[in-house]
């Protein structure tokens, strides 16, 4: 009687015992070949590398956040970066050879940016404060070349362009351009110019117009941009006066030739 009763109890409990074993065995086989499960396993490994443990099977509520690897998580940085603060921050949180090289590169960028007077410490554009500088005599000479081609060159030489005197109009345009520099170049100062000269010369060797512009003032900042704007606007005006005859005209070699005055002293390309 007792033996029969034990057999009946065992048979009733047998499905409950075997079913989880069967499910576990079947699940293990399916998991090894199911790509979705494989992706989940890879995700779990990545989560473990970040948080120090795999997600709990009982849900996110049981995860032990006290064991997070804080070294993997860095605070968000402002978009306007103070490079000196960033360098100190990286020095305090990184120590490997690669990190040291990155810090050195970071410091070099910050040093280079400190030489750009129109760029602030956080990398933002700024207009330089020149109020502390002394007034001094300043000059700048710039030039450019407009290549016309032989046919257009001959028309300009003979003053046969439909719009009129090419060189005369371009000369006035260049002088006016120098006076408008602070309106055209956003971070330039509004300078009280004392003199502007623009000369245009036809060059038969390469069928071009050679343009030279000079600006001067007595003030706290230089006139390099005024001289370069003068020759640039003069060159554009030559193009505008001649474009009806040819579109194949190029403006080249816009550059500063020399400057004088100011704290940096004199400079010459020659």
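Glycine is treated like the rest: Cβ placed from N, Cα and C.
Source: prediction; values computed, not measured.
Feature list (source: Swiss-Prot):
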- 1-32: transit peptide (TRANSIT)
- 187, 188, 189, 225, 226: substrate binding site (BINDING)
- 240: active site (ACT_SITE)
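Of all Cα pairs drawn from 187, 188, 189, 225, 226, which the record names as binding substrate, the longest spans 13 Å. Distance between Cα atoms for residue 187 (substrate binding site) and residue 240 (active site): 27 Å, as a whole number. Apart from 187, 188, 189, 225, 226, the residues listed for substrate, the same chain places the Cβ atoms of 181, 182, 185, 191, 221 within 8 Å of the centroid of those Cβ atoms.
With the fewest other Cβ atoms inside 10 Å of its Cβ, the least crowded of the binding-site residues 187, 188, 225 in this structure is 187.
For residue 240 (active site), the same-chain residues that are 6 or more apart in sequence and have a Cβ closer than 8 Å to its Cβ are 163.
The most densely surrounded of the binding-site residues 189, 226, judged by C-beta neighbours within 10 angstroms, is 226. In the three-state DSSP classification, residue 187 (substrate binding site) falls within coil.
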